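Visitor: Shown below is the structure under consideration.
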Amino acid sequence: MNLDFKPFDLLGNVYKNGNIFFHPTTDQLYSTINNKIKVFDLKDNISSIMPFTSNFNIVKFTLSPSGRLAFIIDCLGRGFLVNTSKGVSLAQLKLTKHVGDVKFSPCSKYIAIAFDGKIEVFLLNKVTFDSFNAWIRTTSLTISTNKMTTLNWSDDGELIIAGGEDKKFVVFRPRKEICTDFKRNIPYRLIDAHKGSIVNCFFLKNSYDCLTIDDRGLLSLWKSNKAFGKLDEKDGEEEKVTFVFYERKKKMNINDSASVARNVECTSATFHSKNNILVTSFSNGAIVFHEIPTFSLIQSLKVGDVSVKSVAFNKDGDWLGIASGGGSLGQVAVWEWQSECYIMNQQSHTHIISCVKYSPCGSLLATGGMDGKVKVWDGRSGNCLITFTEHKSSITGICWSEGGNVVLSSSLDGVVRAHDMKRYRNFRTFKCPDQTQLHGVITDATSDLVISMAKDEYKIYIWAMNTGNLVDVISGHSSRLSGISFFGNNLASVSWDKTLRITNIVDNGSEVISLNDEALDVSYSPCGKILAVLTFNSTITLYDTHNSSIMGIIETKYDVDSGRGAFETIKKETSQRNKTFEFIEFSPDSNLIIAGGNTNHICIYSVKDRILLKKLQMTINFSFDGVMSDINYKQLSEFGNLDFFEMSSDEDEDDYGKKKKMALAGSKISDKSERSYKPTMRANAISFSPTARCFAIANTEGVLIYSLDRYEKFDPFLLETTVTPQIIIQLLNTKDFCKALIMSLKLNDNSFIIRSLLETPIEDVKFVTQQMPYLYAEKLLNWIAINWKKVTKSHIEYVYNFMDNLILNHFQNFKNNARSILPSINALVQEIAHQRKLYIDVGKKNKSSIEYLLTVRRKNKFRNLPKEIDMPKSFGNVVRTYDEELKFIEQIGPCEYKIKKGFVPNMNVEGRFYLNDKIKAHMLGEIEMCCKRGNIGGYIPAVKQIANVAGLPGIIGNSIGLPDMHSGYGFAIGNVAAFDAESGEGVISPGGVGFDINCGVRLIRTNLFEKDVKPVKEELTQALFDHIPVGVGSKGIIPIGISDFEECLEIGMDWTLREGYSWAEDKEHCEEFGRMIQADATKVTTRAKKRGLPQLGTLGAGNHYGEVQVVDEIYDKYAAKKMGIEDVGQVVIMIHCGSRGLGHEVASNCLTSMVKSMSRDGIHINDTQLACARINSPEGQEYLKSMAAAANFAWVNRSCITFCVRQAFAKTFNCTPDDLDMNVVYDVCHNIAKFEEHIVNGRPKMLCVHRKGATRALPPHHPLVPVDYQLTGQPVMIGGSMGTCSYVACGTEKGMEATFGTTCHGAGRAMGRSKSRKTISFEDVLEQLKEKGISIRVASPKLVMEEAPESYKNVTDVINTCHEAGLSKKTFKLRPIAVIKG
């Protein structure tokens, strides 16, 4: 049994004191926390603590240029030279308590230390044979009687610049040789030019010019008279060597430059010499970036209201580490100043952490503090994922639901709160009948019940998770409750009344067991066979749960070993009697039990043998009380213990333990009004990870993680004399891989195990795993779980294959020994889940590149085909010249063109499309490019796709293309086609609807005008961006469960109306009244629902947008007035979005099933992307029902966004949405297939009309047009490209006859997205929008380029074509003033 637990990480506390520092060669950030140094690996997203710890709080820390050595100084002035990779102290140096700064030389051979009023330089790598002193002092220079606070080396290591509290700075040349006479003069230049203490000073890159900054914000640039590297050159005719002189070339007050008040103190500064960027920080939380030597202001930001203590650049200068607050307000952030975003931003609990619990999967930890906050941490990275702040008082208990989706927390405010880990919200609150304080919370195995105890009322409350109702109250104890535990149907509770009560919550039966002392805690083992009770006499009693008999007793009295408090006046023996462990916890395999409490020690006991196995000391930091084994008798005087008295008025003395620390008798928490206090080290809670390889302790310092995976060491297994490295190599050479792997496991040498594992040929893996004895199979499984990152770094597929065979061949033995391998299985599941997420993210980021490469490959495949050879079936045509193609296209009207049969094979009807002269060239240009050799691949021209649709079975009339048409999947975007729904010949095709089902546009009017919005335009834009989730991966803020979500899919806007997210008028002004009645949620796959559930109420990315627009022109005043538009300048909001990922999943799933059904039904198509099914076939009906569900989701989505828009406007204008008359004008979709009755050959006929990128436009008096618009016709919203304009039109009778009541939907793309990103500049687009007075907020900068106006056709040309062709009539024009996009 491996019990070599070592401290691995510290959570809940990110910064306490001292400085932060980036590793010189990697992306690791070091932060000081009391006597520990925490390491944030920003590249691998892992955090840990350095193995080295001091006996007192650390105040200064630096790394050598290579990063191999660290120099650490504690508050007593002791310096430690530490090997960073091993965490071992190599040498110690005693200094004074007032150390200001320490820096390694660029060559790492010397170290300079500023303390008191002097600077000393030490040579590190010169130790004589007759000396045991590792520190060879070469220079000692006394500058001032005040403290020296900062120093830095020049790039060549020849000069040192230093400054201090005396407002002066000095430049001197340190000696490099061993010196015996320190009284010999050292050349230096002392300059007095500041009015405040020097905060920092720097040399410029490869120069002796320098910068100085004082605490009043004065920045000075000093020019030297010596060229870099030429200090020894002789000057002038006298040929004398003079020391460097300085002249001030420039000065500036940073406070004025950054608009910071003059009375705000500058606290820290850092300079990246390679990029010439200076960063200064202030006591009000402000941080300012300047370019040197021009002193130009680059950027400023504010990280809060607390003082910034330390700032540091990473090696490349693109990340800035920020440490602010300190103490309980500690915060560490990493700011990427070029993109202006946080790489990391972590904050400590502001009070002691009272409870901690691992999630069931072991990847997350939840903590609760006395600050009333619940935080959830990533156990791998150490980052806080979410903070819940709903509680009003201290957190007393925390637990997870069985699936890890819910975190429950109890508090002294008398409630238990349930927090949803999917949407990060408090979704349920459990209250007691009477006001009381709750302590501890647990749940049953199915997470149906929530249980908490009121200690002072002696009652236990049980609530139902689903409803939040109180279902039972258990009483019976006669004194304060101290612990509860649950297993199966049995609830165990203990109390100070010296009883253990076991209550069956199903039949209400109860068993009472008398104890020999007051009980402090109770815990069921994970296997449920043992119940452990901890009593005040330091005894752990183990009960058999089957018959309630005592299995054994563990005496812990002599293991408590609590430290002596500084203010204890009673004898040590008497003090020990009053201290005991206060809580216990079983390990996941039920073999160990761990105890902790009012002591600095944690003890691990064997359940089986009932003996102490391991005793761990949480800290050796004597800056905490209760760590020393006895009081310091030197502090006893005739006046009493000197620790009671304040010995210094200096604020900096806080770290030295000289402040007043007296507290009230019996109080555990010091008074915050005191200038300083010395907290007592104790454990408050403990939690074992399900993997059993680590556990977490919530103590005074934070959450300390102990792990078995901290160190690697030689640990052989069944070692024999015949097992040697040479034998293993010999076996590998003779191809005996099974035996080599077994011997490597015996030797337990990682390098040989990895070699033996990876050298096994993949075809021999099955044989090796079959021949391996189970003993070694289990050992190998455990080893892979521990070393997963190493073995899967570059051989992931091979290792997965090996694991597959290992489990397949030994699954029965693994099942029989589940308890022993369960921790390893949990660890593997955790690592695989993390790896899966990593690869999914990589795949998403590279999706476009992969599609491009596949397209190029497809082009190359057909590059050399002769002209007369038919192209693949998916193109549905033959290669012809451009002139030959034009013979099939005939103009039959001013804006109308006909596509003759024969343009592509198997055309059942002719094609029609509408163009004017301005956009004709673009459409025909697509055909010309397709006819050129070497341009085959990707989507075929839109005109060809319209012709291919004309070849589908059951098509009626014509296949129609509208002016905004461009290539799409299957159908062109802007394509309309109607199919016979009566005869059974008609088909339904997902390609005719699109992947974004019911993508549509909603227009909301207001009674505001441009003059009302203009003063608050930026504020309004930001409010909309904050209220509406946008971008890829965005998650909605609408609280909804899976049952409600399925209702959304079936009843559409009726759900939003019921829940209060929409108004009754909204539904009246929505196509299909916001609901397709044939929707069936059961036809939507679980995967689709999982994608759609978190996306409800989100705008998405791509061409989806929300715009605040102004009425620019009115063409039909009567129709405009009917829509609520009174005059030019009126403000409206346009929302464009669809069914997000749910619609995509519905279309993808149905396409797969339709491809199989086509051969069965004898359907032949020109393009495989036109996969379809007969309308009445099972596949067709399934798609129609699932498509309707996705359409309902889209209407609900736009309604939820409307709710967010109304809230943003209400917040900005400080009035209700009703006061602003924020009614929906109309909501219309342009990606849909619907059953409609049209006149065909003089008689009404039921058709299935496919509209893809085309908008329904019904004429006046049509029965489906809302009552308000019966005289005008159905409103049609036609969105333009970003930064141009949009239009609102009305349907016409001619459009009803010519295009089945359909018009265009937007401008239509003129340039592909990838081409837009290559040819359009992000900055140019923003500049154009700024010139037009358009505010913009965008989640992804690349979308600005993709959606630039140049990427689209002119929307005015498109709408004019429809207007001239009589398909719709223009009503009014809209101009954008604010845009939000994904």
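Each residue, glycine too, has its Cβ placed from N, Cα and C.
Worth saying up front: this structure is predicted, and the values here are computed from it rather than measured.
In case it's useful when we look at the structure, here is the feature table from TrEMBL:
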type     : residues                                                     : note
ACT_SITE : His1305                                                      : active site, GMP-histidine intermediate
BINDING  : Asp996, Cys999, His1104                                      : Mn(2+) 1 binding site
BINDING  : 1103-1107, 1230-1231, 1279-1282, Ser1286, 1305-1308, Lys1381 : GMP binding site
REPEAT   : 346-387                                                      : repeat 'WD'
REPEAT   : 388-429                                                      : repeat 'WD'
Visitor: Which residues does His1104 (Mn(2+) 1 binding site) neighbour through Cβ under 8 Å, counting only same-chain ones at least six apart?
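Guide: Long-range Cβ contacts: Cys999, His1136, Cys1137, Gly1138, Lys1381, Gly1382.
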Visitor: Have a look at the binding-site residues (Asn1103, Asn1231) and report the one with the fewest Cβ neighbours inside 10 Å.
Guide: Asn1103
Visitor: Could you give the mean pLDDT over the repeat 'WD' (388-429), rounded to a whole number?
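Guide: It averages 92.
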Visitor: Suppose we draw a 10 Å sphere around the Cβ of Gly1308 (GMP binding site). How many other Cβ atoms does it contain, all chains included?
Guide: 26
Visitor: How big is the gap, in Å, between the Cα of Asn1231 (GMP binding site) and that of the residue listed as 'active site, GMP-histidine intermediate', rounded to a whole number?
Guide: 10
Visitor: Is it possible to list how many residues within the repeat 'WD' (346-387) are helical, extended or coil according to DSSP?
Guide: 0 helix, 23 strand, 19 coil
Visitor: For the repeat 'WD' (388-429), what does DSSP give as the number of helix, strand and coil residues?
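Guide: Helix (H, G, I), strand (E, B), coil: 0 helix, 24 strand, 18 coil.
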Visitor: Name the residues of the same chain, 6+ apart in sequence, whose Cβ is under 8 Å from the Cβ of Gly1106 (GMP binding site)?
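Guide: Once residues fewer than 6 apart are set aside, Gly1106 (GMP binding site) is near Leu1024, Ile1028, Val1030, Leu1099, Ile1133, Met1134, Ile1135, His1136, Ile1201, Val1205, Val1379, Ile1380, Lys1381.
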Visitor: Which number gives the other C-beta atoms within 10 angstroms of the C-beta of His1305 (active site, GMP-histidine intermediate), all protein chains shown included?
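Guide: Within a 10 Å radius of the Cβ of His1305 (active site, GMP-histidine intermediate) lie 29 other Cβ atoms.
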Visitor: When the Cα of Asp996 (Mn(2+) 1 binding site) is compared with the Cα of each of the recorded positions Asn1103, Ser1281, His1305, Gly1308, which one is closest?
Guide: Asn1103
Visitor: Taking the Cβ of Ser1281 (GMP binding site) as the reference point, list residues of the same chain whose Cβ is under 8 angstroms away and which are at least six residues distant in sequence.
Guide: Gly1306, Ala1307, Glu1347, Ala1348, Pro1349, Ser1351, Tyr1352, Val1355
Visitor: Roughly how many Å separate the Cα of the residue listed as 'active site, GMP-histidine intermediate' from that of Asn1103 (GMP binding site), to the nearest whole number?
Guide: 13
Visitor: CB neighbours of Cys999 (Mn(2+) 1 binding site) within 10 A?
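Guide: I get 27 for this one.
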Visitor: Around the Mn(2+) 1 site formed by Asp996, Cys999, His1104, which additional residues qualify by having Cβ within 8 Å of the site's Cβ center?
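Guide: Output for this site, in sequence order: Gly1000, Gly1100, Gly1102, Asn1103, His1136, Cys1137, Gly1138, Ser1139, Arg1140, Gly1143, Ala1194, Asn1231.
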